[in-house]
Amino acid sequence: MQLILHYDETYREVKYGNMGLPDIDSKMLIGINVTPIAALLYTPVLIRFFGTKWMMFLGVGIYALFVSTNYWERYYTLVPSAVALGMAIVPLWASMGNYITRMAQKYYEYSHYKERDGQDPQQRPPRGSHAPYLLVFQAIFYSFFHLSFACAQLPMVYFLNNYLYDLNHTLYNVHSCGTNSQGILSGFNKTVLRTLPRSRNLIVVESVLMAVAFVAMLLVLGLCGAAYRPTEEIDLRSVGWGNIFQLPFKHVRDFRLRHLTPFFIYSGFEVLFACTGLALGYGVCSIGLERLAYLLVAYSLGASASSLLCLLGLWLPRHVPLVSGSGLHLLLTVGLFFWAPTPKVLQHMWILYVAAVLWGVGSALNKTGLSTLLGILYEDKERQDFIFTIYHWWQAVAIFVVYLGSSLPMKAKLAVLLLTLVVAMISYLVMEQKLRRGVVPRQPRIPRPQHKVRGYRYLEEDNSDESDAEGERYGGGGGGGGGRGDGGEDEALLSGPRPGPEPAGFGRRPCPYEQAQEGDGPEEQ
């Protein structure tokens, strides 16, 4: 809504004069799209410093700050808030993915507490035991999230559409759409508003949006519990800020992440294509700006409903949602590559609505399946924030690439989208094949927490470059000598069942709390 108002020449000249609003809008888009590129450097540190819940609260608060700047639209309010919003995107989404995964794990522990009464409290649940709960949690979350696209159109439907020109005026100079188009809405009329909205009405709309933002902040504050126990939060921070900074980069050695990276990139491509390529290049270009809201509502409802289809994964193999969503997008992309709708012709409008709904179905299957897969592959609570940071950082990189290529022909955009999708599907299937063969991924070892408990300190230094397999093979300590080097092959065939947690005794160094209670610290030995 903001970009449509700022696009209109009359609105800019009457309300803002020579303030240079188009230049401000371009700088805002730069701030939102470029700033997340650096998010890999600070996101894990912020999540460990503030905690998962408070990082979500802070991220939603920055969104509320961005909305509030529309009360007073100036360079010094819009651009800094856009930069802050760009900085918050990856931490917010990484903390939400981490939070949902942790809630599924904690819900499993809560619902199976009777089975764990006679077990060691430190013993972890069986691997994969929380997967059904995680699938349900992710399906419910993405079902509500995709409804946000429909809710975002309410200001358009009930407010802005009353001021828009019809398609005969806005599309007067538009001669090609769809696969024959160049850039975004080439030839679109510079005036789209019949009459200018009153400032009082704009303030009412902004106040409603601010109220929703504050309600979201209160919901996070009041309803969301802590993702970790207080002692776990302390342990997560105590591995050292230098290690927290380095570990996202070190996880790249895991072949699972390398094989899923094309899917991360495609996930960013496809959501931007739905909002710009499909909605603008095919939709607005042919049936007018006044129907943009209804096209996005169709996409939203299709995605929201089909997110619940992922619950079929409770009975089907885990690769079915991802492969199904990708196959559907593959067929749609090929179809759109050969279709150029005629401007100002409404007979093909039903095709656009069907395409929007089906694209939403594929998006929901991809996003829900990918987030669930990451939560299943990486159950260790010490790694989840790093994994989701890498996932959403690659999404942000893809969105930045789409922003840079916004002026390309539609055929070029579709070709890049199609190529990325094919590579992502092949890479994912290769990863699943490796896991079925028993190939062990190489993960960096998470260093032990370095607590300061009245003089008790660990004597050895842990090597976070060492993989779990190397640590078990060469004694579990820190030291990086022996075994495979960093340049060696990252994958080794599984030779037998993985050992369970080591019981307390002479083979395990007591933690600082045990040392303080039992008096067997390093100094006393």
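Backbone N, Cα and C atoms are what each Cβ position is placed from, and that goes for glycine too.
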- Note on the structure: Which range is transmembrane segment per TrEMBL? Of 56-74, 322-340, 341-359, it is 322-340
- Message: With CB pairs under 8 Å as the measure, which of the listed stretches 78-100, 133-160, 202-228, 322-340, 386-406 comes out on top against the transmembrane segment (28-47)?
- Response: 78-100
- Query: Relative to the transmembrane segment (322-340), which of 78-100, 296-315, 386-406, 412-431 accounts for the most Cβ pairs at distances under 8 Å?
  - Reply: 412-431
- Query: Is the transmembrane segment (296-315) close to the transmembrane segment (78-100), in the sense of at least 3 CB pairs under 8 angstroms with a sequence gap of 6 or more?
  - Reply: no
- Query: Going along the chain, which residues at least six beyond the ends of the transmembrane segment (386-406) come within the CB cut-off of under 8 Å?
  - Reply: 29, 33-34, 36-37, 39-40, 43-44, 47, 89-90, 93-95, 97-98, 101, 183-184, 247-248, 251-252, 257, 260-261, 264-269, 272-273, 276, 370-371, 374, 378, 412-413, 416
